[in-house]
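Okay, so here's the structure we're looking at.
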Amino acid sequence: MATKFPKFSQGLAQDPTTRRIWFGIATAHDFESHDGMTEENLYQKIFASHFGQLAIIFLWTSGNLFHVAWQGNFERWVADPLHVRPIAHAIWDPHFGQPAVEAFTRGGASGPVNISYSGVYQWWYTIGMRSNTDLYIGALFLLITASMTLFAGWLHLQPQFKPSLSWFKNAESRLNHHLSGLFGVSSLAWTGHLIHVAIPESRGQHVRWDNFLNVLPHPAGLSPFFTGNWAAYAQNPDSTSHIFSTSQGAGTAILTFLGGFHPQTQSLWLTDIAHHHLAIAVLFIVAGHMYRTNFGIGHSMREILEAQRPPGGRLGAGHSGLYDTVNNSLHFQLGLALASLGVITSVVAQHMYSLSPYAFLAQDFTTQAALYTHHQYIAGFIMTGAFAHGAIFFIRDYDPELNKDNVLARMLEHKEAIISHLSWASLFLGFHTLGLYVHNDVMQAFGTPEKQILIEPVFAQWIQASHGKSLYGFDVLLSSSSSFAASASDSIWLPGWLDAINSNSNSLFLTIGPGDFLVHHAIALGLHTTTLILVKGALDARGSKLMPDKKDFGYSFPCDGPGRGGTCDISAWDAFYLAVFWMLNTIGWVTFYWHWKHLTLWQGNVAQFDESSTYLMGWLRDYLWLNSSQLINGYNPFGMNSLSVWAWMFLFGHLIWATGFMFLISWRGYWQELIETLAWAHERTPLANLVRWKDKPVALSIVQARVVGLAHFSVGYVFTYAAFLIASTSGKFG
């Protein structure tokens, strides 16, 4: 007899209902719960799966390179980056009529194509790629790398190559290896690529494998390095009149601290970027030698944590017991990793536009908008995941004995204070921000706009001024030429930085006013409310006054039956589920703000944002409605254009989003009755009744229906805004 899905759970495999399928899918990745799973096998499975993950990433990036080389216009774009639209790939669609074929044939292509809004053209150009051959070689290299990682994953599942549990628990070796090897050496290698290939290429000197060993990246070679005259590498940088990718105005410096942007490309100086990566490399290679492994020297993580006890004794046992708690809990480690990754992803979103690293990216407005939005949404999903695994840690891995009176135990002991403070902050922000917006709406509606409450963000303006923005006239720190801060850096990076921060042609420290003040606090409301829900979910995951034995019910449970009133919706999973809605809400406000602010900046019409962003109708009418009007009338009986595909995506994004509510609002009994009726009809319908199934149809559980609803809500939400963002930006700026 064939074994039924799921193989990993005999209990589920023998379930006579369709629950077998849905619960099987739901628990497929919950390795801990699988039959016969040991701790060692768990670590080995996860370790091997990382190689599979890398293989997928390399295959995907290889595909990007291959399709641009095959179907794109990279070489044409390289010749004129500001006026040629970069092509992602061709479109082969049998549904296209002649108007569609004409509308989508652009960028010098012979047939319909997709325009690239990912920034890969700018990235490849900046790092020294110039021809389709370069792209093909890159694609081939990544394909080989993908094969190698796939093989490595398979290899580490073979008995003789499976690492032991003690190897996985060796925190110091792993830290050294990852700090020095992963971050340090890879940063050093990247510095090498920038200095040997990218910087010469930006100066019109072509370096490839054939001449790699005979072209000196710097006229003086390595002698300044060995004689200690390192300053030589910073002398004679590219001039402000340098034309990128040519020798015109080019210098010879390879490691600089110029500050600001290259005037033509509006991106950071490549020599500054190389210097940054070299500094990071040195820092991490040193950091990777700090922990005690083979030679009995260096730090022990356990000793560091045990030593962290607050003096005076009133603040408990500090970090005592944390080493074993963290080292023995994969959920704790994953929570920390996701929190770090979430923060860095949001920082990437912020820096990709404000300190643009790639040549000509700053002039490609749609790509900037797409990259910002993409990274901000991903950051939101990753951050909510961090709290989810934090909650699972408290349920499955937390040992009260091991953590007596340390920071974790004390967090749990005063959770009421934490949760109520977050609640107070959320309520304060919500009522005051909404109150100001609504007051301003009323004043606009009654024809007295001068009675709006408009608050200048003076503290934020002061911070901008202290970084060198002179517009506000604060004359403080870097915006005051007589300050010590200004004189200390005057001969190095400061002139370039001051030019950049006071220029109106980039997004560094945008001028802010009352509209920014309001939306800043709306975003703060969203962040605090999301955090409140997530923190409450994790801190109440083990139990609460209402349900002291909650941890015995696991991470996700619908209710403890009708006997205990009020136990519905209080599992840690429910908190995660609710928080995702607030997270999406918050990222929505963040991206709305960023996009509208930049649209008006790029159009030279900042007054529109300044005047309309102080009341809600302004946001709805002058941002959402005004910019979606092309999409709402995207295709009609009189024809279509290249925005039609986004208009269609805008529509079906809304439909997916709306489908979510069907699962979120109607509950299990409705679906059970419906399914039983459908099964009855199916079994009595000719032809249809030839198809039979062995599993008795049962409705999704409450938790599963919520997952389905949440998935539709999230996917529809993202699709809708993606279509709106790309269409409204590319429709204006091409």
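Every residue gets a Cβ built from N, Cα and C, even glycine.
Predicted, not measured: the structure shown is a model, and the values here were computed from it.
The transmembrane segment annotation in Swiss-Prot covers 46-69 (among others).
Look at Swiss-Prot and you will find 135-158 (among others) tagged as transmembrane segment, backed by sequence analysis. Nonlocal intrachain contacts for the transmembrane segment (135-158), taken as residues 6+ away from its ends with a CB within less than 8 angstroms of a stretch CB, comprise 44, 47-52, 54-56, 58-59, 61-63, 65-66, 68-69, 74, 124, 129.
Per Swiss-Prot, the feature transmembrane segment maps to 175-199 (among others).
The transmembrane segment annotation in Swiss-Prot covers 273-291 (among others) and rests on sequence analysis.
As annotated by Swiss-Prot, transmembrane segment applies to 330-353 (among others).
Taken from Swiss-Prot, the feature transmembrane segment covers 369-395 (among others), and the record attributes it to sequence analysis. Listed as Cβ neighbours of the transmembrane segment (369-395) (distance under 8 Å, sequence separation of 6 or more from its ends, same chain) are residues 117-119, 329, 331-332, 334-336, 338-339, 341-343, 345-346, 348-350, 352-353, 412, 530, 534-535, 537-539, 541-542, 551, 554-555, 572-573, 575-576, 579-580, 583-584, 586-587, 590-591, 594-595, 598, 718, 721-722, 725-726, 729.
Residues or ranges marked as transmembrane segment in Swiss-Prot (evidence: sequence analysis): 417-439 (among others).
Same-chain residues lying 6 or more positions outside the transmembrane segment (517-535) and placing a CB less than 8 Å from one of its CB atoms are 384, 387, 418-419, 422-423, 425-426, 429-430, 432-433, 436-437, 455-457, 460, 575-576, 578-579, 582-583, 585-586, 589-590, 593, 613-614. Taken from Swiss-Prot, the feature transmembrane segment applies to 517-535 (among others), supported by sequence analysis.
On its own chain, C568 ([4Fe-4S] cluster binding site) has P558, C559, I702 as residues at least 6 apart in sequence with a Cβ closer than 8 Å to its own Cβ. Here Swiss-Prot flags C559, C568 as [4Fe-4S] cluster binding site, drawing on sequence analysis.
Under the heading transmembrane segment, Swiss-Prot lists 575-596 (among others). Residues 369, 372-373, 376-377, 379-381, 383-384, 387-388, 391, 516, 519, 522-523, 526-527, 529-530, 533-534, 536-538, 540, 609, 613, 619, 623-624, 706-707, 710, 713-714, 717, 721, 725, 728-729 of the same chain lie 6 or more positions beyond the ends of the transmembrane segment (575-596) yet place their CB under 8 Å from a CB of it.
Swiss-Prot lists 643-665 (among others) with the feature transmembrane segment, giving sequence analysis as the kind of evidence.
Annotation comment: Swiss-Prot describes H654 as chlorophyll a B1 binding site. Long-range C-beta contacts of H654 (chlorophyll a B1 binding site), restricted to its own chain and to partners at least six residues apart, with a cutoff below 8 Å, comprise G716, T720. Secondary structure at H654 (chlorophyll a B1 binding site), taken from DSSP and collapsed to helix, strand or coil, is helix.
In the shown protein chains, 13 other C-beta atoms lie within 10 A of the C-beta of Y670 (chlorophyll a B3 binding site). In the three-state DSSP scheme, Y670 (chlorophyll a B3 binding site) is classed as helix. Per Swiss-Prot, the feature chlorophyll a B3 binding site maps to M662, Y670; the stated evidence is sequence analysis.
Positions annotated as phylloquinone binding site by Swiss-Prot, on the basis of sequence analysis: W671.
Per Swiss-Prot, transmembrane segment is recorded for 707-727 (among others), and the stated evidence type is sequence analysis. Non-local neighbours of the transmembrane segment (707-727) in the same chain are 26, 117, 366, 369-370, 373, 377, 577, 580-581, 584, 588, 591, 595, 627-628, 630-631, 634, 643, 646-647, 649-650, 652-664, 700; each lies 6+ residues outside the stretch with a CB under 8 Å from one of its CB atoms.
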C568 ([4Fe-4S] cluster binding site) in three-state DSSP notation: coil
Chain residues outside the transmembrane segment (273-291) and at least six past its termini with a C-beta under 8 angstroms from it: 171-173, 175-181, 183-185, 187-188, 190-191, 194-195, 198-199, 254-257, 298-301, 357
